[in-house]
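Encoded as structure tokens, the structure appears first; notes follow it.
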Amino acid sequence: MPVRVWMILLVLAGILHRFLPESRWLLVHMFTLGVVTNSILVWSQHFTERFLRGEAPERTRRFQLGRIYALNIAVVITVVGVAGGVWPATLVGAVIIGAVVAWHAVGLLWQLRAARAGRTAWHADGVWYYICSALLLPAGAGFGAALAHGLSDAWHARFVLAHEATNLLGFLGLAAAGTLIVVYPRMLGIDDDANSGGTLRRTVPTLAALLCGLAAIVAGALAGIAPLATAGTVLYLAGWVAVAAPTVLRAIRSPGVRLQPWYDALSVSAALLWLCGSLIALAVIVATGPLDPDRLAPLTIPMVAGFAAQLLLGVMSRLLPSLMGSGGVVTDIGVQAMNRWAVWRIVVINGGLLLWLLPLPSWARVALSALVMLAFVLFLPIMIVSARRAMSARRTMAAGSRPTAPMASGPMARHSSGSQITAALACLGLVVAVGTAITGTTGSAPATSAAAGVTPTGNVTRVDVSAQDMRFTPSNIAVPAGDSLVITLTNTDDVVHDLVLSTGASSGRLGPGETATIDAGVVGSTVDGWCSIVGHRQQGMTLTITPTGGSDTGDSGAAEHSAMGHGGGGSLTPGDAARSLHTPVSADFRAADPAVAPAPPGTVHRYTFDITEQPGGVAPGISQMLWTYNGTVGGPTLRGRLGDTFEITLVNHGTMGHSIDFHAGMVSPDAAMRTINPGESLVYRFTAEHTGAWLYHCSTAPMSDHIAAGMFGAVIVDPPGLAPVDAEYLLEQSEVYLGPEGGEVDHGKVAAKTPDLVVFNGFADQYLARPLHARVGDRIRIWVVDAGPNLPSAFHVVGTQFDTVYKEGSYLLRPDNALHGGAQVLDLSPAQGGFVEMTFAEPGTYSFIDHVMSDAEKGARGRIVVSE
């Protein structure tokens, strides 16, 4: 009964999934927890009694029933917890589920010991499959609860693999293997007595291989050891080959055995193929790349629908009639009813799943999903019809008559199979065609024209665009003027997105993994695009289509082009900046070294500053023409002691006039700070008469532009008695006002004080990707200088407090002060500087930010990783 209820609820959830929270999770887990777990508890008890040749004592039936009640209550609690975002409820449900199934394992073990003591067991080793299966679920439930609570990206990927391996391959896989070793030969029509010897001999070694493979997968996943997880996957696959291959080979080699179009055999065989294919794909994924949830996600449908669902329905199609008929003609009647439309269902399910893995348009995938769901759901009414026919046959036999035996298979059955295959293929083709047509006509037709009077060329530009992490890639599309543009949009994110063009064309909302085609029409003017989901456009999810002066005049009337990049000639937008912050840095990215070296020996420090104008990155995927001292933003850090002399030779290798102003020195600006033209040089000499963290910068007008373009740096003059620390860093905060891609700073934005990015040491979010490091108990000193040119800074480290604050040449706070005071922020106006000190009591990841939060969200943030 619970299995039937969960099947009905699953169908309703599938129909209403767009309106349900966490719908993908709900669909998967209503099936695995509701349908599969209930089925395994029931059928493992049934087969244990058969393998041991003895029914469990009647007094234990109430415990079995109690486990079923407790299991389903726990599943409801878990579903409510996840859907409602109440993690304590999720945890409670997971704990109860694990405890119930572990209790079931104890019950099976007790029956096994009793049977062995009485020497009644026929296939006792087979019971170990069910015991091991049940003992694995508590661990899988624990992994699932941890995932629901939330983990870092790296640990999330590891726990996903461990969770799926333990539950799908372990709990379900071991129970299925233990059952199929005995049941699968009967499905294929192999004589039990002829096969039983080989079947029983391979039981224990096969179980050992499966368990060792699972252990290696889980250990490799949790430890992040890809070769170990890969080897485990291969070993587990070998175990399943040992389960199924001997039976299949015997069926092929036996002249008297002919595979009939029976649903149970076809469904289980298809399930085994999906399992093997998924395991091979898993081994390749783990072996060839980073362990990423996005790389594992495509295996969910093959494993859950292709393997688990078909396996369960196939086994139930054999067992339910057997239980009701107890063999003989009644069973045959029930089996025949279960085989109604068997071939059509098998072809639709498996053909549909194969097509679903392809990049089809969104409505085609929706229609295909509905057809496959229908083929699965038909199991319910067919099961009811089978049960009624079997019961009718039993009543006929009880009345002293013999029910009519089902017709033997023959030419008519083979003709029926051919017709069903044809019908299934026709249905698949029809739903794909209709879905594709709907996508093309309702979701993508432009409401207005972007042709702007341009002469159509007859060519078609086709561009693939992906939506992920609040950005479209590519975000700028260059199209030859007069070409028609067709965009294929794929949502590779885990949330819903769409693309709306200013012409009115729209993709419609796309769920994760869905694809839509948008006909933008003939392009003769700039077209803007954006995601219309609330808040997505504001976070940078925008796109621009720009016509170019020429067109492709090749021979083909359907010439294809693609372009990406920022292009377009105008300044980059806040949307471009926001998109860049969602883009990971490259593997070879090197962050600016924030470590500060001690003051060098001696009292005179000589440097040469070469002024250059050169391209450089300011955020992932964004390059600007930077104006620099010695090629970096900011320039070299100078450090000395009170009374030291600094002598800097400034050489202008740029294309315009530049200069320098050291706040650490007191000199006449007339000569030292004068602007020098390209090719000229000057010597700037000053003595450090006061301590502090000082700014230097270009003072050529417009000064704000020169500073914003990267012409600044810091001078640290140590206060007397500065105590040694375990690590010392310098962060120079500045604003970035983006011009065109690869172009120079946007003066209008600087004047309006509207930065696109706010950064530490010249590059947005670089210390998120390449964090600072410390150990528990270390004393850390962080120098901070606000280079501006316009905005203040409020430097804060999340999770700790400052016991030392030094600002503008004076201590504001020292350790062990009489008031036991601490500080949370070092507040600096543009050109101010200072330092803070702190220790970390616990390991963890501590974020540092500009607590002007909108500026932190523009790139002024990083991490400090503290280890033991």
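Using N, Cα and C of the backbone, Cβ positions are placed for all residues, glycine too.
Keep in mind that TrEMBL annotations are predicted by a computer and have not been checked by a curator.
Note that the structure is predicted; figures quoted are calculated from it, not measured.
Lifted from TrEMBL, the feature list:
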- HIS658, HIS663, HIS697, CYS698, HIS706, MET711, HIS851: Cu cation binding site (BINDING)
- 548-559: compositional bias 'Low complexity' (COMPBIAS)
- 621-720: domain 'Plastocyanin-like' (DOMAIN)
- 548-573: region 'Disordered' (REGION)
- 28-47: transmembrane segment (TRANSMEM)
- 68-87: transmembrane segment (TRANSMEM)
- 93-115: transmembrane segment (TRANSMEM)
- 127-148: transmembrane segment (TRANSMEM)
- 168-185: transmembrane segment (TRANSMEM)
- 206-228: transmembrane segment (TRANSMEM)
- 234-253: transmembrane segment (TRANSMEM)
- 265-287: transmembrane segment (TRANSMEM)
- 299-320: transmembrane segment (TRANSMEM)
- 341-360: transmembrane segment (TRANSMEM)
- 366-387: transmembrane segment (TRANSMEM)
- 421-440: transmembrane segment (TRANSMEM)
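Structure with TrEMBL features highlighted.
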| residue | record | DSSP class |
| --- | --- | --- |
| HIS658 | Cu cation binding site | strand |
| HIS663 | Cu cation binding site | coil |
| HIS697 | Cu cation binding site | strand |
| HIS706 | Cu cation binding site | helix |
| MET711 | Cu cation binding site | coil |
| HIS851 | Cu cation binding site | coil |
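For the transmembrane segment (206-228), the neighbouring stretch richest in Cβ pairs under 8 Å, chosen from 234-253, 265-287, 341-360, 421-440, is 234-253. When each of 68-87, 127-148, 299-320, 341-360, 421-440 is scored by its Cβ pairs under 8 Å to the transmembrane segment (366-387), the top-ranked stretch turns out to be 341-360. The stretches the transmembrane segment (168-185) and the transmembrane segment (341-360) are not in mutual contact, being linked by fewer than three Cβ pairs under 8 Å (pairs 6 or more apart in sequence).
Long-range Cβ neighbours of HIS851 (Cu cation binding site) (same chain, at least 6 residues apart, Cβ-Cβ under 8 Å): ALA794, PHE795, HIS796, VAL825. When other Cβ atoms within 10 Å of the Cβ of HIS697 (Cu cation binding site) are tallied across all protein chains shown, the result is 26.
Remote same-chain partners of the transmembrane segment (28-47), defined as residues 6 or more beyond its termini with a Cβ less than 8 Å from a stretch Cβ, comprise 2-3, 5-7, 9-10, 13, 56, 64, 67-68, 71-72, 75, 78-79, 82, 97, 101, 104, 107-108, 126, 130, 133-134, 137, 167-168, 171-172, 175, 178-179, 182, 300, 304, 308-309, 312, 315-316, 319, 323. For CYS698 (Cu cation binding site), the Cβ neighbour count at a 10 Å cut-off comes to 26, with all displayed protein chains included.
The highest number of surrounding Cβ atoms within 10 Å, among the binding-site residues HIS658, HIS663, HIS706, MET711, is found at MET711. Counted over residue pairs 6 or more apart, the CB atoms of the transmembrane segment (93-115) and the transmembrane segment (68-87) come under 8 Å in at least three pairs, which marks the two as touching. Two recorded stretches are said to be in contact when at least 3 C-beta pairs lie under 8 angstroms, sequence spacing 6 or more; the transmembrane segment (265-287) and the transmembrane segment (421-440) fall short of this definition. The DSSP breakdown of the domain 'Plastocyanin-like' (621-720), given as helix, strand and coil counts, is 10 helix, 45 strand, 45 coil.
Here the transmembrane segment (299-320) touches the transmembrane segment (341-360). Their Cβ atoms form 3 or more pairs under 8 Å, with each pair 6 or more residues apart. A Cβ distance under 8 Å defines the sequence-distant neighbours of the transmembrane segment (68-87), meaning residues of its chain 6+ beyond its ends; these are 2, 20-22, 25-26, 29-30, 33-34, 37-38, 41-42, 93-94, 96-97, 100-101, 148-149. On the 0 to 100 pLDDT scale, the domain 'Plastocyanin-like' (621-720) averages 93 in this prediction.
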